[in-house]
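Below is one structure, written out as structure tokens, with a few remarks after it.
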Amino acid sequence: MLREVTITRAIVESYYRDLLNNLELDVAIVGAGPSGMVAAYYLAKGGAKVAIFEKKLSIGGGIWGGGMGFNKVVVQDEAREILDEFGIRYEEFEKGYYVADAIEVATTIASKVVKSGVKIFNMIEVEDLVIKDNRVSGIVINWTPVLMAGLHVDPLTIEAKYVIDSTGHGAQVAQFLVKRGLLKEIPGEGAMWAEQGEKLTVKNTREVFPGLYVTGMAANAIAGAPRMGPIFGGMFLSGRKAAQEILKKLKS
Ligand code: 48H
Ligand code: FE2
């Protein structure tokens, strides 16, 4: 006999165990787009305790739509090894241009991330930061529907040694620092220039404030660097670079 209340208890107990288990993290990643998920994968692989907080119901950020809804993503030579690392299939379109199915990219990365031990909390929005002694030391979270409805419900807090802003074009987490005068105004990304945009995404991946790293489009938005359109190698390489740098710092 199936009991509704047992189904309910299974969900509630299991979810709250996960939540309690992720209150204190090495790294809290905000945004489950390509750069955030790749960062999470390499961090977990390196032994860090990491969780991702995603405001939408679905993970994947901008991966699903490829270019203008043509659900294919292009990756260049420099990032091909990351497709291989995840076991994502691709075809060589022309020398140096690899094309993969966007749905395979999103689902395969997400699956690997979750199986590497990372909990992805979806439908949870990061609405602020914990800042102590001039260092980001956690995130402030709330249910997305609460924020969408404009309900006056106070948030909860997750403690983290490092936070990564992987929120894409809006650089939502860095904006919390701008609001407090702790970071200068964010210009947003520049006009399309794929070659430069891709290079600079990786270059701009860095610790922008003690305890806060930025990846992907957020990194370029902060630097005012060009957008690159539906090529994703820079996003993957950015996530991996942030993970490598943070792992080094966690060990020292
Ligand atoms: C929780 C949040 C919050 C919040 C946002 O946009 P994304 O896919 O981010 P990236 O940087 O990994 O990838 C960018 C890529 O998708 C892209 O847009 C490219 C390559 N554009 C080029 C161009 O020319 O336009 O994912 C960000 C994720 C999303 O899932 C958001 O819902 C989520 O972050 N998010 N989650 N709390 N406050 N804000
Ligand atoms: Fe975009």
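Any Cβ shown, glycine's included, is placed from N, Cα and C.
Model, not experiment: these values are computed from the prediction.
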Swiss-Prot has Ser35, Glu54, Lys55, Gly62, Val126, His152, Val153, Asp154 binding NAD(+). Which one of Met217, Met228 is in the same site? Met217
Sparsest-packed among the binding-site residues, when each Cβ's other Cβ atoms within 10 Å are tallied, from Val126, Met217: Val126
Can you give me the same-chain residues 6 or more apart in sequence from Ser35 (NAD(+) binding site) with a CB-CB distance under 8 Å? Ser166, Thr215, Gly216, Met217, Ala218, Met235, Phe236, Ser238, Gly239, Ala242
Using a 10 Å cut-off, grab the number of neighbouring Cβ atoms around the Cβ of Val153 (NAD(+) binding site), all chains included. 10
Report the same-chain neighbours of Asp154 (Fe cation binding site): residues 6+ apart in sequence with Cβ closer than 8 Å to its Cβ, ordered by sequence. none
